[in-house]
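K.L.:
In case it's useful when we look at the structure, here is the feature table from TrEMBL:
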BINDING   14, 15, 17, 19, 28  Ca(2+) binding site
TRANSMEM  29-52  transmembrane segment
TRANSMEM  59-77  transmembrane segment
BINDING   76, 204, 208  Zn(2+) binding site
TRANSMEM  89-106  transmembrane segment
TRANSMEM  118-135  transmembrane segment
TRANSMEM  141-157  transmembrane segment
TRANSMEM  169-186  transmembrane segment
TRANSMEM  206-227  transmembrane segment
């Protein structure tokens, strides 16, 4: 008989880490625990959402990240088919929120005349992608990772128009963290035999932490460019809290309040 979609280990994907080695309840212990990397990010992103043009937008994205963290932990804890879909679809919808609200208007297709039209296009595309995700869930993760190349292309286009060294420095840090993250993800999928041979099958848990670090640098950049397009009079600047000289910092966007003209 076909196993229940909620049953443990009913997912199409099983990561390199051994199952139930440290707990009788948690299938992949370290992958589950390190899923909290997204929660750590949640504590820091509100610093940047304060500068968004709408608090509601920030709250929606904050909630989508929260759900992505919850579903990631649930998936790795159970390795269930439902957990796999929730994990992947929460990432898809998080990306959809980001694209809908912050995709620069200068890159809209010619047939799109307003943010509202683009919002509906993103929504329809996401719904169709969601339905197609049920056909072959194991393929979804590769497609989601490929979206990163489009984001990197957009970032490159924006950097060509920007001379601020701090922006370029933050973008470089984001790319380095992303490169380490995707290398860990692919190594866990394709070289599992090697990591098991040396008793270190934990690269997917590294992926969680590394991609969270990449997002930590990516979000301020997205907001910086969004403010430049939507509220240029505020003159956004990138900064590091608590200080540039600290070894561990939190990137953020600072706004210079425009002066009233007499």
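In case you wondered, yes, glycine gets a Cβ from its N, Cα and C as well.
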K.L.:
Report the listed stretch (89-106, 141-157, 169-186) having the maximum count of Cβ pairs within less than 8 Å of the transmembrane segment (118-135).
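P.N.:
It is 89-106 that shares the most Cβ pairs under 8 Å with the transmembrane segment (118-135).
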K.L.:
Taking the center of the Cβ atoms of 14, 15, 17, 19, 28 at the recorded Ca(2+) site, which other residues in this chain have a Cβ no more than 8 Å from that point?
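P.N.:
Leaving out the recorded residues gives 16, 18, 27, 31, 76, 79, 201, 204.
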K.L.:
Please tell me which one of the binding-site residues listed here (17, 19, 28) sits closest to residue 76 (Zn(2+) binding site), measuring Cα to Cα?
P.N.:
28
K.L.:
Give me the sequence-ordered set of same-chain residues, not including 76, 204, 208, with a C-beta within 8 angstroms of the centroid of the Zn(2+) site's C-beta atoms.
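P.N.:
Close Cβ neighbours, site residues excluded: 15, 17, 28, 30, 31, 32, 34, 35, 72, 205, 207.
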K.L.:
What are the non-local neighbours of residue 15 (Ca(2+) binding site), defined as same-chain residues 6+ apart in sequence with CB under 8 A from its CB?
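P.N.:
Counting only residues 6 or more apart in sequence, the Cβ neighbours of residue 15 (Ca(2+) binding site) under 8 Å are 28, 31, 76, 188, 189, 204.
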K.L.:
Fill in the CA-CA distance, residue 208 (Zn(2+) binding site) to residue 14 (Ca(2+) binding site), as an integer in Å.
P.N.:
16
K.L.:
Which has the fewest other Cβ atoms within 10 Å: 14, 17, the binding-site residues listed?
P.N.:
14
K.L.:
So how many other Cβ atoms are close to residue 208 (Zn(2+) binding site), meaning within 10 Å of its Cβ?
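P.N.:
For residue 208 (Zn(2+) binding site), the 10 Å Cβ neighbour count is 26.
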K.L.:
Just how many other Cβ atoms lie inside 10 Å of the Cβ on residue 204 (Zn(2+) binding site)?
P.N.:
22
